[in-house]
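K.L.:
Got a structure for you, written out below as structure tokens; questions coming shortly.
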Amino acid sequence: MGALLFWVPLALLGLYMYWTLMDRFRGLTASLSTESRDILTYMMAGEEILSGAVPYRDFFIEYPPGSLPFFVPPALVSEGPASYAAAFASEMALLLVASLVLTALSARALGLPWPVAALIFVAAAVLLNPIAVTRYDAVVALTVAAAVALAVRSREGGTASSLALAFAWVSLGVGTAAKLVPALVGPPLALFAARLGGWRAFVGGRRSSGSWWRPFSCRRSCWVAAAFWRASRTTRSGGCRSSPWGPRS
């Protein structure tokens, strides 16, 4: 009964948020949707990747590498800017629904009133229209929500705890590769990890049964984040010739 009282209202809230976001998207002017510079750039990147082109080498794009995979799915099911914009908006709305679920799960696991957290999330997403579904910021929301949910899960201890904490760092890494905002969650997560296992376990990786997650230790995570940041800055400031994917042809 408790599960039903959680999942049924949450599902209805998710459906409401998705429907509202898409309904408001359909009411946008062309300059904010089908003729938006960002949407057209996303479509170009998705179509180029599907044709076999290599980003930053065969074509220029100003966005970081972690954002590119999210430009491809709408290109698979669209023909032209109008259908691509609608498919992209639907993709971002679905990512926001997933973020809503993770937020509610985290709040419930922490003993907080999850309906309040869920309602605040939905209100924020709706108020951010049209940015919520015409930009890829939903990717940031999803990776941060996943990192928080995994960090909360890691409190339970054992090998599963190390696994959850490792994937929390992976989630932040994916988000940072798409946009630098998730990196702001790094310091709080570092303090949380240190509190769970001590600084030595956090910085160098566990030497016991959890040693498998050593590749995700703090210094390696920082190195990966810095590499993606440099790649992002290269594409934004200098074009493709000096990109880490090789010289432009």
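Even glycines carry a Cβ here, placed using N, Cα and C.
No curator has checked TrEMBL annotations; they are predicted automatically.
Note that the coordinates shown come from a computational prediction; the quantities given were computed from them, not determined experimentally.
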K.L.:
Which range is it, out of 39-57, 134-152, that shows up in TrEMBL as transmembrane segment?
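P.N.:
My reading of TrEMBL: the transmembrane segment range is 134-152.
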K.L.:
State, in range form, which of 109-128, 134-152, 159-178 has the highest count of Cβ pairs under 8 Å to the transmembrane segment (82-102).
P.N.:
134-152
